[in-house]
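Accompanying notes for the structure given below.
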Amino acid sequence: QLTPSSLLRIGQLSNVDLNEDIHELETELPRQRPNEIPHNEKLLSLKYESLDYDSSENQLFLEEERRINHAAFRTVEIKRWVICAMIGILTGLVACFIDIVVENLAGLKYRVVKDNIDKFTAKGGLSFSLLLWATLNASVVMVGSVIVAFIEPVAAGSGIPQIKCYLNGVKIPHVVRLKTLVIKVCGVILSVVGGLAVGKEGPMIHSGSVIAAGISQGRSTSLKRDFKIFEYFRRDTEKRDFVSAGAAAGVSAAFGAPVGGVLFSLEEGASFWNQFLTWRIFFASMISTFTLNSVLSVYHGNAWDLSSPGLINFGRFDSEKMGYTIQEIPIFIFMGVVGGILGALFNALNYWLTMFRIRYIHRPCLQVLEAMLVAAVTATVGFVMIYCSRDCQPIQGSSVAYPLQLFCADGEYNSMATAFFNTPEKSVVNLFHDPPGSYNPMTLGMFTLMYFFLACWTYGLTVSAGVFIPSLLIGAAWGRLFGISLSYLTKGSIWADPGKYALMGAAAQLGGIVRMTLSLTVIMMEATGNVTYGFPIMLVLMTAKIVGDYFVEGLYDMHIQLQSVPFLHWEAPVTSHSLTAREVMSTPVTCLRRIERVGTVVDILSDTSSNHNGFPVVESNPGTTQVAGLRGLILRSQLIVLLKHKVFVERTNLNLVQRRLKLKDFRDAYPRFPPIQSIHVSQDERECMIDLSEFMNPSPYTVPQEASLPRVFKLFRALGLRHLVVVDNRNEVVGMVTRKDLARYRLGKEGLEELSLAQT
């Protein structure tokens, strides 16, 4: 779909001025409010940088690697295992902390409200109870939202899209900081206690990743403490591998599913993988589940029992009672279709809602107000549903934590209250395991409808919250409803057990929203402790994914796209063979000479209009002007370290021995390299020369101009590059391919489309 004008523009980055968009919007809509941020999903943001997953093999690096003998490499390998064990232990402990605090605070809240409701049911005036419940919810959520909106906005949501981008090679600011972890943990406790339709499972993945990134560096830049351990791992490649281990440990702490954690990291998270990594990640996941298990068992008073493997335990399904027959398989497939359609609906609604939020609710105070509104509405809806429900069940023999009597006879409780008047995790388990006849179909239908919209409205608020448990809860409710109606139709046949259909519905709904297949099958199997349902769950998830993908993409991919992140998928767009490197690359390239004036380097780095991060180093004779062949590539961060340590030589004697920099100097500056503005270079120093030959990477990856886009993409993506130099047949630099040049091309509805770049 290349028009002549776009062929003329080849190579030049089309920087869109956002004012043009505003003018276009004003011609369409009569008067735009001034506080509106125009947002167009056909944009790619320039604020995201890439990570250096490709290590720079300069002379310093090679000298250090040659000095390391076999024994030292073994030490490094042992350190990797130690770090993985520490990641597992700490992630498990954080999960325990979240679980115990949530249990106590939510229990306290529900007891207060329950006593209040019981008191006012007798003498009238229930509106006061509603007010109390709504106020409690809103105030707790307000605190949780304020810390996220004003202190660390990256901690909002589940954090899975952010971690996915990080593992893909995009540097999302502040995503693996200690501050983010603290806000994430406090925020998720407050939002679950505040009664929002959220789960605490998604944020565990983000927390595990932050823990992993922190431990593997052996220091905290936020606390300004350096423990001088694990210095070998202070580079992006190593950090990335540990972050994928942290994500897996988070999943396995959340669901008690170590294998599911490894598969989640493989399927959803990591863009780079190798076999050694699998075994280490499995180790971290196992340790994390075990830690959580032992600590919670001690807390619950049965120390030798090891009975609670994850934050959510779906309880055991008995294989004897709960087999399935061959005629149920079409029913399961049908449930998968329903899950896919409902999931696609959920994602589409959430997409429009998020677009609205990006445009209008971008001020922190507005975001906090919206969160409080959602909290109050959730409480009100719950109260009204319980109040209007006449579904009474006998209390004896039932395991309800907070039975609300309301208008039921003595010795009975309100069945709607078990769904709303509880943390979502407990409600899911109730829907799976309560005996047939515990719920009225009307109750389940109303609950599904209300909770669907509440969960959709809640995801994307400025609070830390996961989408796993709400999806499971919606699915379990309509699945149980489905099971009840089946047993009506089949006159109470034994195989139509509602709990089994609740499990399938939960899998279908979650699969339809997040589109995970393999890892979700294993997580569901591990969390229910039952392999019998492996095949039906797999069928349901496959159907849900196929049906959902037909309409709209998965929730996490959608949010990545809405944030305009230059995310690289596994393959280049299918129809992109017509494009070559010459048309994709950015020109002109800022090159440095091998021996360059310090003033020139400072000016290039201070130039805000270009803001490049990698500079090809070329050989050029001082007398001539023509550019000669490519000699290497040097990064902005390396140049800044050189300027900071003043590695210059004066004009006259170029063979002067300078203070040797070691790799350690570069590692100490990682990951927050100082900005160029903070480095002072005097007028005399500007006239000095700087020799780049031992710091540059002498063997950068290059492609010829004629290479097709899929070929360039494959090389860039598989090696995790950040810069790919394009050369002509004389080995002279003609352009540079970076992540944004490749992520710009995407398959749209009409075929290949090119996104514009904007400073959003």
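Every residue gets a Cβ built from N, Cα and C, even glycine.
Owing to the predicted nature of the structure, the values given are computational and were not obtained by experimental measurement.
As recorded in TrEMBL, the features of this protein are as follows:
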type     : residues : note
TRANSMEM : 81-102   : transmembrane segment
TRANSMEM : 130-151  : transmembrane segment
TRANSMEM : 181-198  : transmembrane segment
TRANSMEM : 242-264  : transmembrane segment
TRANSMEM : 276-299  : transmembrane segment
TRANSMEM : 329-349  : transmembrane segment
TRANSMEM : 369-388  : transmembrane segment
TRANSMEM : 442-461  : transmembrane segment
TRANSMEM : 467-489  : transmembrane segment
TRANSMEM : 501-525  : transmembrane segment
TRANSMEM : 531-552  : transmembrane segment
DOMAIN   : 696-754  : domain 'CBS'
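Within the chain, the transmembrane segment (276-299) has long-range Cβ neighbours (under 8 A, six or more residues past its boundaries) at 80-81, 84-85, 87-89, 91-93, 95-96, 99-100, 208, 212, 241, 244-246, 248-253, 256-259, 261-262, 265-266, 270, 305-311.
Of the ranges 329-349, 467-489, 501-525, the one with the most Cβ pairs under 8 Å to the transmembrane segment (181-198) is 467-489.
Between the transmembrane segment (242-264) and the transmembrane segment (369-388) there are fewer than 3 Cβ pairs closer than 8 Å, counting only pairs 6 or more residues apart in sequence, which means the two stretches are not in contact. For the transmembrane segment (369-388), the neighbouring stretch richest in Cβ pairs under 8 Å, chosen from 81-102, 130-151, 442-461, 467-489, 531-552, is 130-151. Restricting the average to the domain 'CBS' (696-754) gives a pLDDT of 89. Residue counts for the domain 'CBS' (696-754) under DSSP, split into helix (H, G, I), strand (E, B) and coil, are 16 helix, 22 strand, 21 coil. The stretch in 81-102, 329-349, 442-461 that contributes the largest number of Cβ pairs under 8 Å to the transmembrane segment (501-525) is 329-349.
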